[in-house]
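Lifted from TrEMBL, the feature list:
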type     : residues                                          : note
ACT_SITE : Asp8                                              : active site, nucleophile
ACT_SITE : Asp10                                             : active site, proton donor/acceptor
BINDING  : 8-10, Trp24, 43-48, Ser51, Lys77, 115-119, Lys146 : substrate binding site
BINDING  : Asp8, Asp10, Glu170, Asp171                       : Mg(2+) binding site
Amino acid sequence: MKKGFVFDLDGVITDTAKLHYIAWKDLAAALDIEIDLAFNEQLKGVSRMESLDKILAHGGKKDDFSIAQKETLAEEKNKHYVELLQALGPQDLLPGFKEFLNAAKEKQVPCVIASASKNAPFILKKLEVFDAFDAIVDPDELTKGKPDPEIFIRAADTIHIAPEEAVGFEDAQAGIEGIKACGMFAVGVETTEPLYQADLRVKQLSELTVDELLEK
Ligand code: B16
Ligand code: MG
């Protein structure tokens with residue numbers, strides 16, 4: 001019997017990957033680096049600085065910038081990304097998510113956000129679902145990113161349950177690995193690529209009921 005739900009944000013609740021892509025593509029172009037949608041898949045669930053490192057390595061410019069310069073580049077990308085987020089609203093929730101969240105709240109199942117995004121509180125407010133969550137793990141407090149299970153262990157801890165008592169929802173392979181590494185039940189929300197190791201795979205949350213997951 002499960003007692004709580006742990007949600008990733010980008011790819012599970014809303015599709016901000018396309019906005020990250022626009023902002024990274026522009027920044028990369030200014031550095032003479034070309035990225036495409038296939039490469040963007042590698043950035044899903046990956047932190048801002050790690051994403052920048054991957055882009056620089058992709059363009060053969062891994063050692064061309066100091067830490068301070070990289071921080072400035074990451075800030076520039078984020079400024080553009082936050083501008084793009086301004087248009088976000090409840091219409092951008094992924095199909096089935098709101099219904100699933102409402103059903104969880106009706107049954108008083110605690111819900112937590114385990115996202116690598118420092119913009120998560122802002123995004124949840126724009127989507128008008130911020131108040132439905134019992135906690136949001138602060139990525140600034142983490143020592144390791146996904147696929148390390150730290151973010152998922154913390155998420156379970158904030159709602160006072162063991163990882164084994166939670167169901168985690170993820171769209172990225174790194175996230176599924178983190179969920180499984182701490183013994184949590186993993187629901188993979190698949191878009192393009194198949195998610196390995198997930199206990200259940202769906203295209204959207206409307207394929208699931210809260211009751212069936214609580215029984216896992
Ligand atoms: P930010 P998730 C992740 O969100 C995105 O998938 C990833 O592309 C992004 O780099 C990361 O958040 C950090 O986002 O720049 O807003 O702090 O999938 O973990 O919800
Ligand atoms: Mg994600």
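Cβ from N, Cα, C; glycine included.
Worth saying up front: this structure is predicted, and the values here are computed from it rather than measured.
Here the features listed in TrEMBL are placed on the structure.
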residue	record	CB count, 10 Å
Asp8	active site, nucleophile	30
Asp10	active site, proton donor/acceptor	24
Trp24	substrate binding site	23
Gly45	substrate binding site	28
Arg48	substrate binding site	21
Ser115	substrate binding site	26
Lys118	substrate binding site	13
Glu170	Mg(2+) binding site	29
Asp171	Mg(2+) binding site	25
Sequence-ordered recorded positions from Asp8, Trp24, Ser115, Lys118 with Cβ under 6 Å of an atom of ligand 2: Asp8
Structural state of Asp10 (active site, proton donor/acceptor), classified by DSSP into three states: strand
Spatial neighbour of Asp8 (active site, nucleophile) that is closest, considering only the binding-site residues Trp24, Gly45, Ser115, Lys118 and their CA atoms: Ser115
Trp24 (substrate binding site): secondary structure state under DSSP, collapsed to three categories: helix
Residues within 8 Å of the Asp8, Asp10, Glu170, Asp171 Cβ centre (excluding the Mg(2+) site residues themselves): Phe7, Leu9, Gly11, Val12, Lys44, Gly45, Ser115, Phe169, Ala172, Gly175, Val189
Rounded Cα separation (Å) that holds between Glu170 (Mg(2+) binding site) and Ser115 (substrate binding site): 9
